[in-house]
Amino acid sequence: MTFKRLSTALVALAASSALYAADYPTRNINYVVPFAAGGAVDFTGRLIADAAPEFFDGKKFIVKNMPGGGAVIGQTYVSAAPADGYTLLATTSSIINNAMTKQVEYNLDSFTPLALFNLDPEVIVTSGKSDVKTLDDFLQAAKSGNVSIATPGNATSHHIAALSLAQKEDLSFRYVHNASAAMQLQQIMGNHVQAGFMSLGEAIGLVSDGNLHILAVLDSSRSQLAPNIPTFEEQTGRSMQWGTFRGIAAPAGLPDEVAESLEKRLGELLTSPKFIARMKDSGYQVNYRDADAFEAYLNNTAEQMKQVLPLLDTSS
Amino acid sequence: MDYAALFSAGLHIFSLWPLLSLLAGVTLGLVVGSIPGLNDTITLAVLVPITFAMPSDIAFPLLVGVYCSACFGGAFPAILLKIPGTASSVLTAVDGHAMVQKGQAGLALGIATYSSAFAGVISALVLMFFAPVLAEYALNFGPAEYFSLSILGLSTVIGMAAGNAMKSALSCLLGLLVAMIGMSPESGFPRFTFGSFWLFDGLPLTPILIGLFGLSVVFEMMAKPAHETAHAAAPKTPIRFADMLLSGQMIKRLMPTWLSAAALGNLVGILPGAGMLVAIYMAYERVRRRFGTQCGQGLPEGVAAPEAANNSVVASSMVPLLSLGIPGNSTSALFLGALLIQGLRPGPSLFNDSPDVAYLIVGSFLVANILMFPIGLLLARLVPNLINQIPQSLLAAAIACLCFTGAFAISNSLFGILVALAFGLLGFLFNRMHVPLSPFILALVLAPVIERAYFQSMSISGGSISYFFTQPLSLTMLIFTILFMLWPLYKRLHRRLPSQQAA
């Protein structure tokens with residue numbers, strides 16, 4: 001009798017461990033942000049973590065900041081973490097250019113893309129007080145090499161955007177690299193440099209007060225956030241697209257059930273009205289793409305980067 | 001200026017919930033500030049997402065309270081144990097702890113409390129009434145001005161070790177060398193990284209500070225025989241309130257120091273990216289020039305100046321955020337997030353569009369600094385007596401635990417602990433050889449700013465050095481730098497001449 005009970009218990013135990021993967025999630029999930037606390041990636045990560053328990057059976061997302069090495073530290077950590085669905089990476093374009101420009105132990109294939117939730121098109125801005133009023137003025141001046149450009153840092157996505165435009169349009173910029181987006185803004189608004197490249201989300205709030213002026217949006221169509229601002233293509237007839245993105249990935253080699261479960265739950269979270277409303281309040285649009293679409297987007301961006309990266313001279 | 005909105009916001013702060021959350025914020029800030037490794041930025045990063053669900057009149061008083069009092073909280077361990085709780089109290093430790101050893105622990109804590117509250121209130125008033133004007137001034141600071149300001153800041157290390165310029169120079173140069181580790185800001189070329197990504201962004205500042213100031217004290221305690229350490233750290237006699245209340249005479253004596261430190265803090269604080277350390281070093285330098293070798297021996301002004309300067313930086317760092325939308329440092333960047341969550345866009349229109357919240361925030365800064373005074377005194381009365389009851393060996397272990405936890409928490413990795421250990425040893429050696437630590441820190445913080453500003457200026461001017469001298473603000477600061485550097489020389493000559501005449 002006792003034996004029978006014990007064996008039933010054992011069978012039940014065996015059954016439950018076989019179901020382990022399907023039972024995902026059974027514990028809290030680490031959400032690794034490869035940047036210091038306080039930035040946009042950290043901030044949106046905390047918005048996601050705040051909404052997570054509702055979609056992950058009450059389990060929490062624990063935001064772990066792992067800054068260092070231009071996001072390499074956090075990205076390496078996740079690429080080497082167990083592929084069990086309990087470690088996720090806040091994914092940005094740095095995952096692509098780090099793998100291309102630095103001697104890291106991972107590449108795009110080391111990760112399973114799960115969802116993309118935010119696309120922010122690049123804009124060219126000048127100070128509200130600047131003499132450069134139009135994109136035409138800007139391009140003319142830049143041809144003769146008299147335009148200084150503030151960037152939030154060497155080899156950032158915004159620096160690469162400027163390099164890419166310079167290559168396409170045969171321009172030469174003087175680069176003024178900063179340590180943060182705040183310092184970049186200070187130099188543009190103080191009219192110490194002629195122009196700057198940043199994402200629309202960062203610039204839009206400063207336009208209405210007249211402190212910043214957006215010359216062009218580098219996207220295929222106008223943004224809903226700024227329907228009055230024309231694209232580069234509209235003004236010149238030539239296509240120029242650039243932007244930053246924010247997504248979520250896991251280590252490569254996730255069990256299929258876990259990957260499916262994660263993709264479904266994240267999709268529900270990221271498209272829930274409550275999450276979208278909170279993102280909107282904080283100045284971010286939600287542009288959800290599922291795992292396959294995100295993967296395609298990543299590969300496409302990687303192609304685009306490959307063409308520009310030789311311009312990044314890090315040898316001097 | 002919308003006085004009606006200001007007045008109603010003022011009244012609103014004194015209703016139950018806003019006041020309670022402000023109180024909670026101030027207390028929390030004091031606690032996290034006093035723990036090495038925890039600071040205002042990390043606390044706010046955790047708190048901001050929680051404020052989603054809160055109405056703005058509870059969220060902002062809470063955040064403002066933490067921000068205001070964290071750097072004051074750092075003064076407690078700085079004075080009592082010579083371990084700065086936050087980077088902003090590295091200089092407070094020097095004279096503060098010397099006062100403790102002279103048996104003036106109560107007075108030192110009292111001065112820190114008065115100075116922080118006084119300067120905090122002044123800068124809150126500046127934020128309230130002059131924010132837009134000052135923000136315009138801040139925008140005038142371009143690369144040339146940042147370069148000259150940092151050079152001016154660096155010139156304050158001259159003679160920082162009383163009478164030992166060589167040791168100061170050594171410390172400063174070592175700091176510059178350590179600052180070279182990591183990616184070049186101009187070209188992205190990795191320097192001294194030996195292929196390790198941990199070194200790519202340079203060594204992280206917080207673990208370095210934890211090592212230099214926290215672990216070095218632990219090593220010091222270990223190196224001393226047991227019977228000596230019994231008297232080492234905190235004061236033995238209980239501190240009474242009477243010890244902490246300053247006499248009218250003392251207030252009169254410290255007033256010039258408070259005013260000049262607050263003015264410096266306000267001016268430097270509104271510059272995005274210039275930072276708190278420049279302000280406290282410049283304020284301390286003023287005191288050092290006035291009192292010479294008395295500095296570092298437990299001089300009341302040596303506590304008053306950095307504490308007044310750091311608290312005035314807090315409110316003034318909100319000036320560019322509230323009036324331009326540019327966050328002045330990483331902590332005010334979190335306020336930007338908090339504002340956006342509440343559906344507010346910082347910038348010139350903030351005070352017109354949502355005066356209730358805008359004035360609630362600036363009002364909270366004022367009231368938080370006032371609340372800090374009684375809460376600070378209360379803690380100053382309780383904490384030292386508590387520390388006294390801990391046996392010294394346990395205290396050393398407890399400090400080591402806090403240091404390791406803090407160093408780990410910065411990047412969730414052992415690397416932070418290794419950095420802290422390495423710099424703990426360095427700090428221990430510095431102390432043994434009487435090499436001052438402060439030039440090291442200043443050089444470490446300013447070197448990247450100087451390098452970046454130099455390359456930026458060269459890029460803008462097309463490689464012309466004269467750029468630094470043709471901008472009036474920049475030129476003025478460079479002239480002051482030269483005067484600062486020649487001052488000790490002049491003083492020495494001045495002293496020698498009369499003595500020669502006498503002979």
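Glycine residues also receive a Cβ, built from the backbone N, Cα and C atoms like all the rest.
Computed from a predicted structure; not experimentally measured.
The following features are taken from TrEMBL:
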TRANSMEM  B:12-38  transmembrane segment
DOMAIN    B:19-442  domain 'DUF112'
TRANSMEM  B:58-81  transmembrane segment
TRANSMEM  B:107-134  transmembrane segment
TRANSMEM  B:146-162  transmembrane segment
TRANSMEM  B:169-185  transmembrane segment
TRANSMEM  B:197-219  transmembrane segment
TRANSMEM  B:258-284  transmembrane segment
TRANSMEM  B:357-380  transmembrane segment
TRANSMEM  B:392-408  transmembrane segment
TRANSMEM  B:437-455  transmembrane segment
TRANSMEM  B:467-490  transmembrane segment
The transmembrane segment (B:58-81) and the transmembrane segment (B:357-380) contact flag, 3+ Cβ pairs under 8 angstroms: yes
Model confidence over the domain 'DUF112' (B:19-442) (mean pLDDT, whole number): 87
Candidate ranges B:169-185, B:197-219, B:437-455 - greatest C-beta contact count to the transmembrane segment (B:12-38) (under 8 angstroms): B:197-219
Long-range neighbours of the transmembrane segment (B:197-219), counting only residues six or more past its ends (CB under 8 A): 36-37, 39, 81-84, 87, 90, 93, 178-179, 181-183, 190, 396, 399-400, 402-403, 406-407, 410-411, 415-417, 419-428, 430-431, 437, 440-441, 444-445, 448
Interface check, the transmembrane segment (B:169-185) with the transmembrane segment (B:437-455), three or more C-beta pairs under 8 A: yes
Tertiary contacts of the transmembrane segment (B:467-490) (same chain, 6+ residues out, Cβ under 8 Å): 140-142, 144-145, 147-149, 151-152, 155-156, 158-159, 165, 285, 289, 457-458, 460-461
Criterion met for the transmembrane segment (B:437-455) and the transmembrane segment (B:258-284) (at least three Cβ pairs under 8 Å): yes
